[in-house]
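Annotated features, as they stand in TrEMBL:
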type	residues	note
ACT_SITE	9	active site
ACT_SITE	135	active site
BINDING	93, 94, 95, 96, 97, 98, 99, 100, 101, 102, 103	ATP binding site
DOMAIN	65-143	domain 'GHMP kinase N-terminal'
DOMAIN	198-268	domain 'GHMP kinase C-terminal'
Ligand code: C5P
C-alpha cells in the first residue's frame, strides 16, 4: 500500500496574457502550496480495474475524476496490466480555486509511479500530467513555481517566507471555464509577477504581501459579489494581504502570528462554512 498527501495550491499571482488559438489562455502565475491536504492510498488489484473509493456528494468516483484519468493514462502509457484501488479522503474544498482535483491527480501519478514500479522522473510525470489538466504539472512537485504556457511550464522559485494562511470559501462553486469565458482582456488589472518573484528571491514578507495579484478576481467578483464581500471582511479582520486564488471563489489572507490567524478565522466563521487555518508549505 502506498500513501500520498495532496496539498492545496494558492496563487500568489495570476496574470492572463492572451487567448490562444487552442482556446486556452496564455498565463503567468506564481503558485505555492499550503498544508490543507487530501489523503490518498493506493492498493494494487490483479484484475486491471481502476476503482476510486471516495465518500463525498460532489466528487465523482468514475472516469470524470481526475485521479481516475491520471491512473488510466499511467496504465495506457506504460502498458500496465495491474489495476488499483484509490481511496481518496477529501479535505480540500471542491470547485474552489485550490486545485484539489489537480492535486489528487498529481498524487495519483506519484503514487502509481511507485506502486507499479514505473520509476519515471518527476519531470516526465509533470510533462505527462499536462495532458489531462493545466495545474497538474505544478502539483506533481507541489513547490513554489512560476507557471507559464497554459500553466504547465514551470520555473521553480524560492519558498515564500513563513506565514499563516487563513483560507475561506464562500458557499458557492465556481467553474473555471465560466470565469475564463467572462474574462475581458482589454479591462484587466496589472499583475506584478516580477515584483512578486523578487520578493520571493529576497524572502521579503512585506513586499510579497504588496505584490499579490489575480486578474481573474474582478471577473469572479462581478459574477459572484459574495467573493468581494468576503475579501473585504477578511481585510477588515486584520490580514496583511488578501487575494482570491485561481478562478475562485476561495479567498486567502496572510498573517505572521498564529494568534492573528485565529482572530481572522473567528471573524470569518459567520460568513461561510469552509474556513481553514493553514501554513505555507512552499
Ligand atoms: O486545463 P484545465 O482542464 O484545468 O482547464 C479548464 C478550463 O479552463 C479550460 O477548458 C479553459 O476553458 C480554461 N483555461 C484557460 N486557460 C488556461 C487554463 C484553463 O482558458 N491557462
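Using N, Cα and C of the backbone, Cβ positions are placed for all residues, glycine too.
Residue 9 (active site) sits 9 Å from residue 135 (active site), counting Cα to Cα. Taking the Cα atom of each, residue 95 (ATP binding site) and residue 135 (active site) are about 13 angstrom apart. All chains included, 28 other C-beta atoms sit within 10 angstroms of the C-beta of residue 97 (ATP binding site).
Taking the Cβ of residue 99 (ATP binding site) as reference, residues of its chain lying under 8 Å away and at least six apart in sequence are, in sequence order, 8, 9, 135, 138, 139, 246. Close to the recorded ATP site, the chain also has 8, 92, 246: residues not among 93, 94, 95, 96, 97, 98, 99, 100, 101, 102, 103 whose Cβ is within 8 Å of the site's Cβ mean position. Within its own chain, residue 103 (ATP binding site) has 6, 7, 8, 9, 38, 92, 139, 142 as residues 6 or more apart in sequence whose C-beta sits under 8 angstroms from its own.
Taking each Cβ in turn and tallying the other Cβ atoms within 10 Å, the top scorer among the recorded positions 9, 93, 95, 101, 135 is 9.
Confidence annotation: the domain 'GHMP kinase C-terminal' (198-268) carries a mean pLDDT of 97 in the model. Residue counts for the domain 'GHMP kinase N-terminal' (65-143) under DSSP (helix as H, G, I; strand as E, B; rest coil) come to 43 helix, 7 strand, 29 coil.
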